[in-house]
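A.B. asks: For reference, the structure I am asking about is given below.
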């Protein structure tokens, strides 16, 4: 039994030995895993390195945790600081203005506001042509040299077969030798060329002659390119001087006001404002705006259509435009007359802009535009409306932020839905926010909301005209439907009492009389009661010489179903 157990144990012990043999054979056949085992085993054999690795993390752990805690605290403080620091709108605008000024300064130094001149382009094209010709000639020379070397190699191939076999065997194992192949080939070709010269000198002489015949154009063309480069480097680049509306850019506080307008037009996006400024400068140069202003040409036939008159309640100059004048065929019958009107309109705009005192921070640097749509041409005249859209777009792009408010009065019923549909296409959102539309019945109230009646021309419902009462204040009153309204003008002593009165909408009755304050005196009729129609003179001007204390009583009878607005002023002298 003991012998059997010994034999079994021996068999068991022998079993793993038998299994190890095929494994070792496999390991020997595959070289890569054996190398990995040897590389891994190298650090494991050093027993001294193990305790060092185990000790160092334990010592460095608290320091790392401390650094992490410090970094977290710093991040928390930064976050708190970011939450606390909030830039106001003025600070954001100042920062954007400084960035914009830097970009404008760089553009002036690089002369980016001037368009490239055509002669310079021609010179560049000539230089390019010469360079291309030289490149083509070099290519032809290289091709000829390649053909000559190929011929030499074909003739001498049987002489050196062993060298090529050695090259192919040496280039396979190492990648770096593949890069050195062209050098080796060059050496071989030179050796072959020397042998070829000994064998056949005639072919070499022919090749040299062909090469020499091509070389002279290189020496002739090369100095031309060098001369052009030297001329380009010799030209000094000076900063460009650009001015808009008579104000040079980046000179004083006036330019800050102008640059701020371009920033506001592009919502303080600096790069977009710079492109807008460049486009405006280019547009002014192409259309010769400065020369147009200096010419001083005035066309009286357009003055009835567009004119500047008075100021609004905030001090902005008001510019009135009458779209009904576009129906005049004598003025707007063809494109030439339309373009003539556009140039005159630009000239008027330039004069109004140049009259602004940009150095005064309290001065208003924008305008109020009042556009009268009474008797305006219908949508059937597409060419005319396309011209109007183009003109509006030009003013919006090249005169940014010069409109404080735009009032459209006497707007017909068809224009309101048209504007709601196509308004987003015609104008920008910023411009639409400044627009106010009013129909015929609400036009006067809309104007008087922004402009005082004494500043509004008589044509548009005001009392602004050259009279002795111009400096007097105007009083407004409302006459209710189917009611009378009386106005009393006192006279404390003997004097001459003058007054001006206007009823918006007409269709009322007007009368005036003098009533003395002393007993026993009789009333005196100054103006008999009469009806005022829409065709009558809109402004009633009257006066009375008072001989004793009393008052002038004016009676207005409104028998219509609509309320009426009355404007009047008076003066004693």
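Cβ coordinates are placed from backbone N, Cα and C, and glycine is handled just like the others.
Small disclaimer: the values here were computed from a predicted structure and weren't measured.
Look at Swiss-Prot and you will find 89-157 tagged as coiled coil, backed by sequence analysis. The annotation compositional bias 'Basic and acidic residues' is assigned in Swiss-Prot to 18-28, 35-74, 120-169, 176-190. Under the heading ubiquitin cross-link, Swiss-Prot lists 285, citing experimental evidence as support. Per Swiss-Prot, the feature domain 'CRAL-TRIO' maps to 295-468. Under the heading domain 'GOLD', Swiss-Prot lists 471-572. According to Swiss-Prot, the N-acetylalanine annotation covers 2, on the basis of a large-scale study or a structure entry. Taken from Swiss-Prot, the feature phosphoserine applies to 195. The region 'Disordered' feature in Swiss-Prot is assigned to 1-74, 111-202.
Map the listed features onto the structure and describe their local environment.
C.D. replies: In this model, the coiled coil (89-157) carries an average pLDDT of 63.
DSSP classifies residue 285 (ubiquitin cross-link) as helix under the three-state reduction.
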A.B. asks: Inside 10 Å of the Cβ of residue 285 (ubiquitin cross-link), count up the other Cβ atoms and send me the figure.
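C.D. replies: Taking all protein chains shown, residue 285 (ubiquitin cross-link) has 14 Cβ neighbours within 10 Å.
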